[in-house]
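Copied over from TrEMBL, here are the features:
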SIGNAL    1-15  signal peptide
DISULFID  CYS25-CYS93  disulfide bond
DISULFID  CYS30-CYS36  disulfide bond
DISULFID  CYS63-CYS69  disulfide bond
Amino acid sequence: MILCWLLALPLAVSGIFLSNLNSSCLRCMCEASTGCGGQVTECRQTVVLPHDTPTRWGAFEDCANDYNCATDIINQYMEKYGTDCNNDGVVDCVDYTMLHINGGPLCHQPLRGAFANSFSKCMRNAIRKL
């Protein structure tokens with residue numbers, strides 16, 4: 001449900017480069033959330049794949065289920081709304097993930113449970129590969 005909410009918010013591209021929102025961060029968000037295999041099926045929104053039309057039934061879901069389209073939307077959202085959710089003085093992948101999972105008003109809540117474990121493991125593996 002949070003994915004639907006996050007992907008559905010109005011977006012604005014500000015041209016800011018988010019160095020901490022890299023492919024490893026996005027991949028770990030995806031892996032921890034759905035194993036990158038979840039299907040969005042119930043959102044009625046207007047964000048769609050390039051060259052698609054927002055009025056076509058299933059257009060938003062096709063975008064949300066396409067990794068590249070979904071990550072573009074998340075990038076745009078984080079450019080606009082990214083904040084230091086864990087109050088450590090740095091806006092980084094953990095903050096983006098807290099915002100993505102908990103939502104804006106609740107982003108200060110810690111990541112918990114199976115999601116937190118999966119995300120942390122993925123990020124540790126990504127750091128080892130650097």
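Cβ coordinates are placed from backbone N, Cα and C, and glycine is handled just like the others.
Where the annotation comes from TrEMBL, it is an automatic prediction and has not been curated.
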Number of Cβ atoms other than its own within 10 Å, given for CYS69 (disulfide bond): 19
Cβ neighbour count within 10 Å of CYS30 (disulfide bond): 19
Conformational class of CYS25 (disulfide bond) under the three-state DSSP mapping: helix
Fewest other Cβ within 10 angstroms of its own Cβ, chosen from the disulfide-bonded residues CYS25, CYS36, CYS93: CYS36
Top Cα neighbour of CYS93 (disulfide bond) in the set of disulfide-bonded residues CYS30, CYS36, CYS63, CYS69: CYS30
Alpha-carbon distance [CYS36 (disulfide bond); CYS69 (disulfide bond)] in Å: 13
Per DSSP, three-state class assigned to CYS93 (disulfide bond): helix
Cβ neighbour count (within 10 Å, all chains shown) around CYS63 (disulfide bond): 24
Alpha-carbon spacing, CYS36 (disulfide bond) to CYS63 (disulfide bond), which is rounded to whole Å: 14
Nearest-integer angstrom distance between the alpha carbons (Cα) of CYS25 (disulfide bond) and CYS63 (disulfide bond): 19
